[in-house]
Amino acid sequence: MPFLTQEGRRRVRDRIAALLVAGALGTIVPGAFASALSAPPRTAAKGRPDVARLKSLIEQGENALAEKDWDGAYNRAEEAEVMVADWSDEDLASPEVAALLARLQELEQHLPDSEQGPEGADPGLKDAAEVVPLSGEALRAELEQVRQAESGVTYDFPIDLNEKVLAWVHAFTHEKRGFMERTLTRATQWLPMARQIFAEEGIPQDLAYLAVIESGFLNTARSYAKAVGMWQFIRSTGRIYGLNGNAWVEERRDPVKATRASARYLRRLYETSGDWYLALAGYNAGPLTTERAIQNLGTRNFWDMARSRWLRNQTKNYVPELCAAILIGKDPARYGLKVDQLTPYAYETVDVDRMTSLAVLSRFAGTDVESLKDLNPELLRATTPPGRYALRVPPGLSGATARALARIPASQRLDFKSYKIRKGDTLAKVAARFNMAPDDLLDANDLKKAQFKPGRTIKVPPPSPLPIDNRDLQTHVARENRIEDRPLEALPAIPASAPEPAKVGAGTPASGAPAEVPTEAVPAPPAPQPAPPQPVPAQPAPQQAPPQPIPAQPEPRPGVAEKAADADALPALPASVTRPRPAAARTAEPQPAATRPASRAAEDPRPRTHLVKRGETLYAIATRYGLDVDKLRKWNKVRGNKITEGQRLRLAP
């Protein structure tokens, strides 16, 4: 499905408002638009706007609003906006459509402000006007802290230290300290896997910290631009890189497949641009946007481009944000952050030959449904899809699970509900009732369309969870994490010409730092080792030659992060300083592979309960407290995502 940016949605809303005003005032406008204002209602036809679909979306949004389902109402309103974005003025001006647009406008006026976030949500960073740029003594103090923290740490990604990067280091360790602690705690589960895949694909392993700013290391993150997963792929880009989806599986949420797709996309962008900073700008804004900026400015220097109007503020912040995330993520303790260690993502795979309920599998495999969901976040329903599927299970359980599957009769593999088709039922109506596509409902019952008749009893799979919408990723991660609208000009000016600054070194990791991981997956670690433990495949991975990483930077980039020549100049940084560090400083205490992730420390000040405020969603509350939304549902016996204002939720079992 196509998507609109925040700016695109504003333009659609402004256009709708203008057309409604014109119609209300009887404004005379030339050409077809004028005649369309008085045109009789028409029905949607082939090649014409689908008015019936627009009406259905608006009615669904109004019903969701009445039930205080803010996410559902917002989603239907956005789908309607996307739908009418390409309609002509003549189409929009018909009386029938104009009446629907008036209802859409009223619906949106009653929704919580998507840019400010619902009442009670994590307010995120300060507003742009309240963020004080670093300068003078504050800037030098921040730089000195970074210099001390980075002593002995090396990188395989080029990091420029300038005022913009230092401002983000300060923000992540002050205003957004809580966000970074929660995100880097989650990162301990996913970084070993991501580093391994990035090494196999030949790109800098430090780029794995990109998930900090993309999703907060959440596989279930979903933006209002319909970008999904840890690496925030929109559907079209995901398909290009082999990530498919249907009613059963969303591979953009698959941590392994999506991480590899992200690595290949980043590598392709680098091969095209020849510069990692430009590759990242392309990842955020699209390669065409970056190329257009290069053509108009005549420069391939990201920092020069970031001073121009050719990049939006989000993209201007994207590179320094990542640089700051890498600096802090390499050793959070040196920046005063408390990060808990979770069990690294590890698994074995079992070949499931037909659709099987996760509840049934968990009983026979000696695990629980939550563990299977955690290992397989790409599964949208509590079941494997029709046909064969490689299911991930906790390490050590693949053999028992496979043996159990062989003993389970086909009739006992599913715990679906039954539904008897009644007179008047159509395939489309029944599928819509259970939030399924008609073809998927047929597949679940191994039926053909002609066999869907009254009197037949069909099986209905468990419902798919509602999409995790975040009021745009700026609310989920960026409201916590981005200084989205902070203008570059608000930062201390970088001199037009000055000596080339020092870079934080790019080289071999120091002793005890996260090492270049092997290309072969290895079992979960039995004892502490400097190299992090890796995912466990069901079959031993074939030996392969070590990848040839793309150079961190093909050539020096002049004019980046220059130091000033006056008394307020930034102190010079050593180009690359390494210092041996104890392995214990980098290595988490090992845990049994099949155990659940470690809980937060007992001294965590997180409250035991939360009072639901107007506009809050279950997912927003879970994210605010660093919890898994499924666990939050389980602790509070919540069905679906429905919570009500004034409800008190337990934040612990």
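The backbone N, Cα and C atoms fix where each Cβ goes, glycine too.
Predicted, not measured: the structure shown is a model, and the values here were computed from it.
Under the heading compositional bias 'Low complexity', TrEMBL lists 513-522, 567-598. The feature compositional bias 'Pro residues' is assigned by TrEMBL to 523-557. Look at TrEMBL and you will find 417-460, 608-651 tagged as domain 'LysM'. What TrEMBL lists as region 'Disordered' is 495-616.
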Its residues classified by DSSP, the domain 'LysM' (608-651) shows 15 helix, 6 strand, 23 coil
Across the domain 'LysM' (417-460), the model's average pLDDT, rounded to a whole number, is 83
Its residues classified by DSSP, the domain 'LysM' (417-460) shows 18 helix, 8 strand, 18 coil
